[in-house]
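Presented below is the structure to which this report refers.
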Amino acid sequence: MVQKYFGTDGIRGKANSFPMTPDFAMKVGMAVGVLFRSQHQSRRVVIGKDTRLSGYMLENALVSGLTAAGMDVFLLGPVPTPAVAMLCRSLRADLGVMISASHNPFYDNGIKLFGPDGFKLSDDMEAKIEQLIDTDLSKSLASSAEIGSAKRVEGDIYRYIEYAKRTLPRDVRLDAVRIVVDCANGAAYKAAPRALWELGAEVFAIHDEPNGTNINQKCGSTDLSSLKRKVHEVRADVGIALDGDGDRVLIVDEKAQTVDGDQLIAVIAENWHKMGRLRCNGVVTTIMSNLGLERFLNGKGLDLIRTKVGDRYVVDAMRQKGYNVGGEASGHIVLSDFGTTGDGLVAALQILACMKESQNPMSQLCQRFEPVPQILKNVTIKNKNVLKKNPVKTAIDQAEKRLGKEARLVIRASGTEPVIRLMAEGDAREVLDTVVTELMDVITHHDTRVDCI
């Protein structure tokens, strides 16, 4: 299903440029309000946001649209995305809205939507919303007496903190654990340091002073350099890197080595399997997860199920098949025993619990497998249909044959950025380099603009 406005993670774009404009955000609010008012009784909406400057603008526009449609809005302020999903259920809301562009720079923003169960809306629901956005809704709005209200809710960030803390086993405390947490100047800047401190850790928070324009700026899960320096400086046991909206996490061990999402999934899956907590004898990841993870899990008698890229597709597969551990190499870790979406803080707490239980340093705990050589490249393009051109399709077919059955090639258009993402992995590094370089040349040659990154 090709969608007009929604990508793999909601609606996203540059702030004050279509579709992230106040008038379009108001249309989204109206469309969502009209749809949910007709299907639910409470007419209650919760809205959270990260720390981007444009969040205020889009928040007000959404409120205008939602209240015009007769919805009552509860404004949570800056909270992590998983907090919106959790509070949507806790506050018995019909709808949850998160204003965020996740790990993107401050000048981008986006709108993510959650249903009353705390799960992101399905493709079908998003398609219905798109139809309503393009419809004249003037006759479908609330009457003067039924216009909705809006109010700010204080203290709900502490409900999320308590929720996150409860995911840690009751017999586990973090006393004497030295932790550096990089909050990415984002939505988790209050919740993450506070939760870790309340659990007994010695906490060194960095990038916890958002100003509207410094979110994800040389910090967080997309840039670990300052976190690694701080871990080394204070001799920390572990560094935790969150992204702008707090739904993904990467770890830095005491040696300042990076631990990606695949390794974190391996740690949790192995630990939960030993404890009898791992359901369905396996995990769900995406086509981008390293082949080394699959080999590691298979060696433990566990399965690995792959989905399209995007944590929503991981969650969908987990729900359909009953798995309780899933995620992406980028750090989206979904643990359905606790929540309905990726949660960086909760995932980090599970890793810390594994560290305390094993009594091993993070470097020993988290290097569970040797990653298969993998090359990731982005090609900035103007026309995403370039992959449908026959010369490009032919080149991809030839590349797959050259790599053989023991390697993998993934080429896809990004759902959030104007780029083609190429991933090749296999045991022969030189072959991977050659194949990827040749494919990049073919793609750029057949696109109307050439710009590789």
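Here the Cβ of each residue, glycine as well, is placed from N, Cα and C on the backbone.
Quick look at what Swiss-Prot lists:
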- S102, D243, D245, D247: Mg(2+) binding site (BINDING)
- S102: phosphoserine (MOD_RES)
- S102: active site, phosphoserine intermediate (ACT_SITE)
Would you count the other CB atoms within 10 A of the CB of S102 (Mg(2+) binding site), including those on all shown protein chains? 32
D247 (Mg(2+) binding site): tally of other CB atoms within 10 A of its CB: 35
Using all protein chains in view, find how many other C-beta atoms are within 10 Å of the C-beta of D243 (Mg(2+) binding site). 33
Around the Mg(2+) site formed by S102, D243, D245, D247, list the extra residues of the same chain whose Cβ is within 8 Å of the site's Cβ centroid. D50, P80, T81, S100, H103, G186, A187, L242, G244, G246, R248, G342, G344
Applying a 10 Å Cβ distance cut-off over all chains shown, what neighbour count does D245 (Mg(2+) binding site) have? 36
Through the lens of DSSP with three states only, how would you label S102 (Mg(2+) binding site)? coil
